[in-house]
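> Before I ask anything, let me first share the structure, which is written out below as structure tokens.
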Amino acid sequence: MEIVRPQSHRNLFSSNDAVSVPSLPLYRSAPPLEVRLEDFESFAIDRLRVLKGISDGLSRGKKPEEMEKLVKELWKVNMRHQHASEVLNKDIISHFVLRLVYCRTEDLRKWFLSMECALFRYRFRFLTPEAQRAVMDNFDLTCRAVNNVEFESIKEKLGQVARSMGQPSPTVDAIFYKVPFEEVPELVAGRKVFISQGYAYVAMNQVVSLVATLFRSQLSKTLILTNRKWTSSIREQEKHRLTPIVEALSSSYLGPDFSQPREYAEISLKDIDQVAKSSFPLCMRHLFDKLKEDHHLKHGGRMQLGLFLKGVGLNLEDALAFWRAEFSKKVGLEKFEKDYSYNIRHNYGKEGKRTDYTPYSCQKIISSTPGAGDQHGCPYRHFSEENLRAALSRMGVNSRAMEDVMDKVRNRHYQLACTLTFEALHGMTCDAGINHPNQYFSDSQKILQPKKDSSAQNLVTARE
Amino acid sequence: MDFQVGIVSEGVEDVSVISDCVMVGIFSKLEWEETDWPQGLDIQGEIFFLSSCHHTCTSSLYSFFIHFSSCKSSSIFIQMIPQQESDFDHNYLKPYYGKLFPFADIFKWMTYGHDGKHPGCDQSYFGRREFSFTLKGDFYLRFQSFNNALELENSIKEKCPLKIDIGPVYTVDPAKRHAYAQGDNNVFAPVERELIFDIDMTDYDDVRYCCRGADVCLNCWPLMTIAIKVIDTSLRDDFGFKHILWVYSGRRGVHCWVCDGKARRLTNEQRASIADYYRVYKGNENSHKKVSLMGAALHPFLATSYTNVLKDYFEKILLTSQNLLATEERYEKILSMIPDESIASELRGKWQDSRRSSSAKEDINVVRWEQCKQLLQSGKHKAQGLRRCVEEIVFFFTYPRLDMEVSKHMNHLLKAPFCVHPKTGRVCVPIDPNQCDEFDPTTVPTLFQLLEELNNEGLRADVNGEWNGTSLGNAITLFRSSFLEPLQKACKEEIERSYNLKLQQSKNSVGW
């Protein structure tokens with residue numbers, strides 16, 4: 001891509017192809033285009049709006065059908081162009097610019113990869129069958145269709161798989177693709193494919209998953225390469241032109257991750273019992289209560305609660321005292337020091353590779369899989385209805401709010417259920433919606449403990 | 001030697017019954033005979049020597065059981081605690097590592113053919129593998145690495161670890177990791193790691209009545225047998241893996257190592273997908289239905305497992321050995337899994353009375369299960385969720401429960417085979433999946449036993465290693481013939497193949 005000055009309007013790319021077949025670019029290589037500097041930034045921002053919209057939708061637990069509509073809308077609104085022929089160019093250019101922006105750290109790469117893959121996946125579904133096949137050709141997939149002989153030999157098993165998902169058995173003209181199981185991890189995980197001798201048999205309506213995985217692994221590799229190129233040459237070369245734009249683009253879009261404790265929320269050991277009752281979201285309240293009751297939590301629970309407490313401002317020393325006080329009642333002081341204190345210090349970045357771990361977001365907690373003996377996870381998702389009702393009434397949710405909450409749960413809107421709980425308990429609306437347990441906590445504290453500092457602040461300014 | 005009598009709380013429970021015996025103490029035979037029993041301890045009945053299950057061999061001592069003839073429950077587990085510290089590692093691990101631990105075999109395994117004998121060998125491979133040692137006093141040494149077999153052997157003999165764990169193969173020698181793990185671009189990362197599974201009996205505590213927690217016995221061990229059969233078959237038939245090693249964990253479970261090249265190179269996401277493929281039991285005390293088999297049919301993997309393994313083990317073994325329907329408490333548990341209240345009541349009605357009328361011939365559990373199945377499968381009551389109820393019950397009581405976290409991450413450490421479990425003294429021996437029905441955890445050789453055998457036979461210079469004359473011999477032979485040798489052959493072939501391919505490619509690129 002060649003970046004040109006604002007005055008020039010030249011465009012070398014032939015526009016005819018773009019109109020006839022609405023296609024899905026695979027972004028394999030930067031095309032020979034000239035881009036105006038102002039478009040460089042604005043295209044990227046438009047695409048970023050799409051990706052951010054997807055991210056929001058996912059974290060609010062939107063169902064696939066809702067996400068499909070959302071993506072369609074976001075794309076239509078943000079990615080159009082006055083010249084219809086330019087739409088494809090904008091798509092490609094914006095992707096490549098964002099690649100530069102988001103290749104630079106592990107976290108940025110992870111986020112970009114997730115959002116681009118989600119975007120790709122939904123756009124793929126909108127394509128016509130011909131267009132879909134064109135994409136599959138690009139990934140060398142069409143040659144892996146199962147022939148009739150093989151189909152006959154596994155027809156019964158394929159039928160079993162279909163019926164296990166509530167779908168009808170495949171007909172004789174159904175197309176299946178035989179691919180190494182490694183290429184369809186989601187389908188394997190959900191037992192949605194027949195697997196034999198290391199190969200998964202993917203139905204036509206599951207091809208999205210396959211193509212998405214291939215797209216993802218391709219993009220993942222290129223991001224690393226782009227990062228290397230950025231660090232070794234581009235950043236320096238472009239330091240007066242593109243680099244400042246690139247660096248400005250990424251900062252505001254990921255949202256707070258609560259790795260630094262907020263101002264209102266520094267709590268100490270003596271406060272915990274009190275704030276647990278008033279400001280902990282249900283998931284943390286449950287873990288907290290279980291810990292007090294059993295004087296023990298399994299690993300998943302220790303991580304979820306421990307990192308949350310770090311996020312609310314509990315320092316390492318107080319954290320150690322807190323866990324020690326509980327655990328030593330069950331396993332004794334010595335065993336606590338031996339087996340558990342290391343992990344707590346590890347969470348604060350004081351051991352091992354010294355990563356300062358960030359508290360889990362709702363999305364992460366909802367998608368966890370608590371097993372036997374575990375207490376972590378999202379109660380709105382993981383508890384049975386009766387257990388959830390009991391837990392909510394213990395928290396003080398009244399019966400009318402309870403019904404609204406349970407209704408959300410039945411529709412699998414777990415974060416909205418939590419938001420309603422918050423609203424019921426605090427008597428105030430929470431417009432932003434709950435995305436993170438620490439957000440619940442800090443919002444709660446803001447309501448329950450109005451600024452005590454502001455008076456001191458006023459004093460200072462008055463004196464000046 | 002002074003003894004204290006106290007109540008032991010090992011982990012969670014502080015009362016424990018091991019069948020009808022109460023373990024009274026750990027001390028040597030001579031000491032037993034000479035001991036002045038503490039007052040207040042009422043001992044009746046015969047004294048048995050150490051027999052099958054439940055003994056710890058942490059020092060040069062025997063465990064004794066005392067059979068309380070009419071005592072069934074609320075027995076107290078009393079452990080006599082000798083005053084001196086255990087000499088487990090010094091007197092026992094040292095000679096074990098000195099004469100019995102199969103260093104050469106572990107080394108051959110871990111090199112995966114990269115022994116330097118072929119030009120295609122990667123000389124750095126073994127040196128990039130992480131080992132970790134747990135030493136006495138609970139010191140934990142991570143990121144140990146070795147360049148050759150001798151270094152590995154010397155380090156273990158010198159340090160005498162209580163436990164040896166094996167980690168992944170990294171991009172570089174773990175000892176040099178600090179030089180590479182800088183900032184954001186982490187060049188120190190795992191590149192290869194066996195696909196591993198850990199199955200632990202404690203995860204089955206809600207479906208076994210004979211034991212709890214760390215205990216295992218021959219009545220609940222079939223749960224492990226089932227797990228081995230189901231998973232082993234699937235790993236081979238479904239995923240196409242060939243080089244699979246099953247190992248007894250030394251106390252209450254089994255480990256599985258899948259060593260094919262393809263398995264070692266799986267990403268975390270792919271490992272997680274396989275673990276999820278195997279996941280059926282979901283939830284815990286907070287959630288409701290734990291096994292939920294929806295859909296008009298079962299996935300072929302579940303169907304095969306049910307037909308070939310689960311059904312028979314449930315009906316022919318576990319029903320009876322665990323007395324799953326014999327008492328009200330137990331049959332209520334199963335009745336609670338039936339979503340149709342009318343069926344549950346009907347069965348309850350039948351069973352509440354039958355205490356008196358049951359025929360002595362057929363086992364009550366079998367009879368009741370037949371009645372249960374008949375009602376559920378008759379099609380008479382067509383309620384929702386009833387279709388797979390029978391299977392759900394069987395799956396709940398039998399289907400393998402894996403520890404997901406162990407399998408999902410490449411950097412998870414796992415105990416090496418042939419370690420000795422410090423609490424039981426048993427060696428972590430391989431289990432032949434084709435003969436796993438016959439595996440008996442209570443007869444696995446213990447450290448003490450092996451050293452006695454060595455002492456009794458006298459020192460023998462044996463070309464194959466001293467283990468040959470001992471009970472460990474079978475275990476090592478099994479390891480070699482059914483696992484190591486085929487693996488090595490396959491590895492060599494792979495190395496040769498990829499070497500030839502590289503040669504071919506470089507020839508092609510040299511063109512005019």
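Counting starts with 1 at the first residue shown.
In case you wondered, yes, glycine gets a Cβ from its N, Cα and C as well.
Straight from TrEMBL, here's the annotation block:
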DOMAIN    A:273-441  domain 'DNA primase large subunit C-terminal'
BINDING   A:Cys283, A:Cys362, A:Cys378, A:Cys418  [4Fe-4S] cluster binding site
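Map the listed features onto the structure and describe their local environment.
Model confidence over the domain 'DNA primase large subunit C-terminal' (A:273-441) is summarised by a mean pLDDT of 87.
Every protein chain considered, the tally of other Cβ atoms within 10 Å of the Cβ of A:Cys362 ([4Fe-4S] cluster binding site) stands at 24.
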> With the [4Fe-4S] cluster site defined by A:Cys283, A:Cys362, A:Cys378, A:Cys418, which remaining residues of that chain have Cβ atoms positioned within 8 Å of the Cβ centroid?
A:Pro281, A:Leu282, A:Ile365, A:Ile366, A:Pro379, A:Tyr380, A:Arg381, A:Tyr414, A:Gln415, A:Ile434, A:Pro437
> What residue among the binding-site residues A:Cys283, A:Cys378, A:Cys418 has the most other CB atoms lying within 10 A of its CB?
A:Cys283
> Kindly assign A:Cys283 ([4Fe-4S] cluster binding site) to one of the three DSSP-derived states: helix, strand or coil.
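The three-state answer is helix.
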